[in-house]
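According to TrEMBL, the region 'Disordered' annotation covers 1-51. What TrEMBL lists as compositional bias 'Low complexity' is 18-31. What TrEMBL records for 63-88, 100-120, 132-150, 156-177, 189-213, 219-239, 259-276, 288-307, 336-361, 373-395, 402-424, 430-449 is transmembrane segment. According to TrEMBL, the feature domain 'Major facilitator superfamily (MFS) profile' maps to 66-566.
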Amino acid sequence: MLQQAPSGGPLEPGTLKTADTSTDSTEPTDPMELTDLSEDAGPSSMMETKESVAAAPAKGLRFWAIVAALAASKLMLALEITIVSTALPTIVHTLGMGSSYVWVSNGAALASAAIAPPLGQLSDLFGRRHPTCLSVLLFVIGGIISGAAASGPQLIPGRVVQGLGAGGINVMSAIVVSDLVSVRHRGKYMAVMLTAYLLGAVSGPLLGGVLVQAGAWRWVFWLPVPFGVVSFLVLAFFLKGKVRDADSSRRERLRRADYAGNVVLTAATGSMLYAVTYGGSEYPWSDARIIASLTAGVLGLGLFLLLERHLSRSSNNNNNTVEPVMPLRLLNHREGATVAAGAFASSLLSNWANFLLPVYFQGVRMSTPSRAGVQLLPIVAVAVPASIFSVVLVSKLGRYKVLHVAGFAGMCVACGLFSILDAASGDEEWILMEVLFSLGLGMVINTLLPAFQGAVGESDQGVATSTFTFVQSLANICSVTMPASIFNNRFGALAGRISDEQVRAQLGGGKAYGFATRAFLEGLQEKARVEVVDVFGEAVSGVWYVAAGIAGVAALLACAEGEVVLREKLETDFALEEKVGVEVKVDERTSSK
């Protein structure tokens, strides 16, 4: 039987120890508490715990209204991302944006990454309702501004506002679920939101194509707005919870916010984003601007860590001092560090595949853009059920380490196999590889956050979730710029195989990725086309080698995870108020028993 050892006491053989939630949030988590399972623990021990404890509010109208509203906001988010990706070439051409088009995506990505840590801290200081509603409202306002834009300089600010909203929705949806459901069972409800997100991701490209062909590209930004309005109204009415330190004045709580840390982190992230956006494409990596930007970003992150270390020590000794926006106690033990690394790797690899596979299908197999979209469907078709099965398994068994190891190992093998694909590969080959990759992705995509949250006390759930989301946002930023840079650099090294000097010059200077399309290849002479396809294929293979290495390192780190008991008892300072038109009981048993 899995048992939780008494706080501070030694572990009995065959038991797990959970992170102690009775200590003050300013105390660091003891790394020794994150102990691996004994080999003596048998399968039957995984099925039950010593205590039967409460796990969530009653699953009544209010609970499901909040979950549905959060799912609607995730659907809105996915629609916006995928529709904009489909319509972006038309938008760029219509508004005459030139090379500034990269900031349509990167401006939103930077804003999304920057908002996560401060919003998590604000939700701890002032409660969940206002930051959540503000996030949805910002997304809606940003969509309206973007749809009404008459030029690039008008569109980019709208996209930045949308990015702030998107980052807020990502972090606050996870935080709110952590207030509703115990860490053991919350993965199931995150899977509901993932399903809504993937529904939007699948339908978005189709809707984007229809809107562009109809000449109504502005509706690319306006279409998700109704989902946001409904989500905002439902959350504003139902999401009314308690506030930690409610007796403190607003001024006292504002004094505890980490303004310096937020500014330094945002500046460092922006500096690194500039470098990875333009390095290897607009400017060579040896350019002084790229080197300076990268150096400033790395130094900024170092300064941020020093600042957070100082604030963590100060807050340990004085509860009235500034609270660090990203407490280092979240990462200074094996469990937190390895799971955070896994979160970065999983987000990076997921977007890496979505970026690189279309290059293979269009630039090597010469598929049309619409057919390339269809060829990505096996990933969605397998990843969703695999994710749902994985979180249900975690809820039943309370175990996740084996899923993380197997998931990253599967992705490592799949990325290695992707590297051998060429123009002559059969359909069954890439389909089986996509299935293997998706099975691995499904095992980790929704089980990493509960593992990260389970390693810290309930009082740290807000900052833990925002830190986790920030790590994922950094990965999302890197997931396009990294493979594009590797692809272009690899292509440049192989470009000598192309005999036509004019074609070679056209594809040089970091421009190869933009020409990996069927339309471009069909315009070439037969000899040049064969040569270009061959170089495209080898360049893509080189990028998959790097992806396989990343997945392999993530699998090794997962082996080092210190698995902890996922708490079944929900203890939160932000419980829902007992009445808001309907009765809510906070201490019902889980329905999963």
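Each Cβ is built from the backbone N, Cα and C atoms, and glycine gets one as well.
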Open item on the list: Under 8 Å for C-beta pairs, could you tell me which stretch among 63-88, 219-239, 288-307, 402-424, 430-449 has the largest tally with the transmembrane segment (156-177)?
Closed with: 63-88
Open item on the list: I'd like to know if the transmembrane segment (430-449) touches the transmembrane segment (336-361) in this structure, counting it as a touch only when three or more C-beta pairs sit under 8 Å and are separated by 6 or more positions.
Closed with: yes
Task: Tertiary contacts of the transmembrane segment (259-276), as residues 6+ beyond its ends and Cβ separation under 8 Å - done: 106, 109-110, 113-114, 117-118, 290, 293-294, 296-301, 303-304, 307-308, 311, 324-326, 474, 477-478, 481-482, 485
Open item on the list: If we skip the immediate neighbours and take only residues 6+ beyond the ends of the transmembrane segment (100-120), which ones have a Cβ under 8 Å from one of its Cβ atoms?
Closed with: 84-85, 88, 91-92, 131, 135, 152, 155-156, 159-164, 166-168, 170-172, 175, 257-258, 261-262, 265-266, 269-270, 273, 277, 325-326, 462-463, 465-467, 469-470, 473-474, 476-477, 480
Open item on the list: Would you say the transmembrane segment (219-239) and the transmembrane segment (132-150) are in contact under the rule of three or more C-beta pairs closer than 8 Å, pairs 6 or more apart in sequence?
Closed with: yes
